[in-house]
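Peer 1: Dumping what Swiss-Prot says about this protein:
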BINDING   28-33, 72-76, 85-88, 94-99, Asn118, Tyr136  substrate binding site
BINDING   Asp72, His85, His147, Asp151  divalent metal cation 1 binding site
SITE      Asp72  site 'Important for catalytic activity'
SITE      Lys75  site 'Important for catalytic activity'
REGION    147-196  region 'Substrate binding'
Amino acid sequence: MANQKGLHVVMMIITVWLLYAAPNIHGWGKEGHEIICKIAQTRLDETAAKAVKELLPESAEGDLSSLCLWADRVKFRYHWSSPLHYINTPDACSYQYNRDCKDESGEKGRCVAGAIYNYTTQLLSYKTAASSQSQYNLTEALLFVSHFMGDIHQPLHVSYASDKGGNTIEVHWYTRKANLHHIWDSNIIETAEADLYNSALEGMVDALKKNITTEWADQVKRWETCTKKTACPDIYASEGIQAACDWAYKGVTEGDTLEDEYFYSRLPIVYQRLAQGGVRLAATLNRIFG
């Protein structure tokens, strides 16, 4: 117990340093990742909830969502982790692990799907891990999984290499300059939060949780289903590239101004991907720790 308490103190110091020493650049954006982790934490069974609380540093005060951005911020110290946030595909609306899961040097497995496989497998050792070092790695593994499960559900994190996931497609979001990737990372969610929820993130979280038990209730079992003990990121990535083609890229050309028509037609897709990310993160942790 003393060793574990000491570990939590070390983790708190390291985590705080990493969080505040790095620039504020995010995946889904702060709100999107928080939403996914908030949804997930409410769906954890008792065993998984206990494991998550034990692995989180004391600074998190038991709140997984407070550290769901850790993986974004730490990549400026862990440079090797940058390619683990996305998948580059050909301009063909399809994803294949063996073809697409690699970094720019061609090293296989270095993409968000490969990272999810890796870190969920590490978490399987939680029950038998004894040393402080392995516990520290499992804390990082939990934070990586929680973040990457969000990234893989953002459609433009599984998208075309030719435009860097929409990052090179310059448009306007209403009156503001933006690129298409940033619109899906942040602008759609921020606009919804401001216009539909009085800038209250909890209102959006509550609405999504309600939809999970009502509007999407008949789909949740399918979202949770995975034949592996850990996660099924290839399914999530295949859905992602399809959503990118059908919704993110569709009808958009360089220099366009995207306004209400794009916002209201794409918002349901954003809502669904956030909900799927939260449901699947919880299901993954329940399988691993159960």
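Just so it is clear, glycine is given a Cβ too, placed from its N, Cα and C backbone atoms.
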Peer 1: Can you give me the Cα-Cα distance between Tyr97 (substrate binding site) and His85 (divalent metal cation 1 binding site) in Å, rounded to a whole number?
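Peer 2: Tyr97 (substrate binding site) to His85 (divalent metal cation 1 binding site), Cα-Cα distance: 15 Å.
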Peer 1: Over the span of the region 'Substrate binding' (147-196), how high is the average pLDDT in this prediction?
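Peer 2: Computed over the region 'Substrate binding' (147-196), the mean pLDDT is 98 on the 0 to 100 scale.
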Peer 1: His147 (divalent metal cation 1 binding site): which of the binding-site residues Trp28, Glu31, Asp72, Tyr86, Asn118 have a C-alpha within 10 angstroms of it?
Peer 2: Trp28, Asp72
Peer 1: For Lys75 (substrate binding site), just count the other CB atoms lying within 10 A of its CB, please.
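Peer 2: The Cβ of Lys75 (substrate binding site) has 20 Cβ neighbours within 10 Å.
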Peer 1: Of Glu31, Asp72, Asn118, which binding-site residues come within 10 Å of His85 (divalent metal cation 1 binding site), going by C-alpha to C-alpha distance?
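Peer 2: If one measures from the Cα of His85 (divalent metal cation 1 binding site), the binding-site residues that come within 10 Å are Asp72.
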Peer 1: Near Asp151 (divalent metal cation 1 binding site), which of the binding-site residues Trp28, Glu31, Lys75 can be found within 10 Å, Cα to Cα?
Peer 2: Trp28
Peer 1: List the residues of the same chain that sit at least 6 positions away from Tyr86 (substrate binding site) in sequence and have their Cβ under 8 Å from its Cβ, in sequence order, or write 'none'.
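Peer 2: Cys111, Val112, Asp151, His157, Val158, Ser159, Gly165 - these are the non-local Cβ neighbours of Tyr86 (substrate binding site), listed in sequence order.
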Peer 1: Most Cβ neighbours within 10 Å: which of the binding-site residues His85, His147 is it?
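Peer 2: By the 10 Å Cβ neighbour count, His147 comes out on top.
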Peer 1: Please identify, from the binding-site residues Ser94, Asn118, the residue with the sparsest Cβ neighbourhood, meaning fewest other Cβ atoms within 10 angstroms.
Peer 2: Ser94
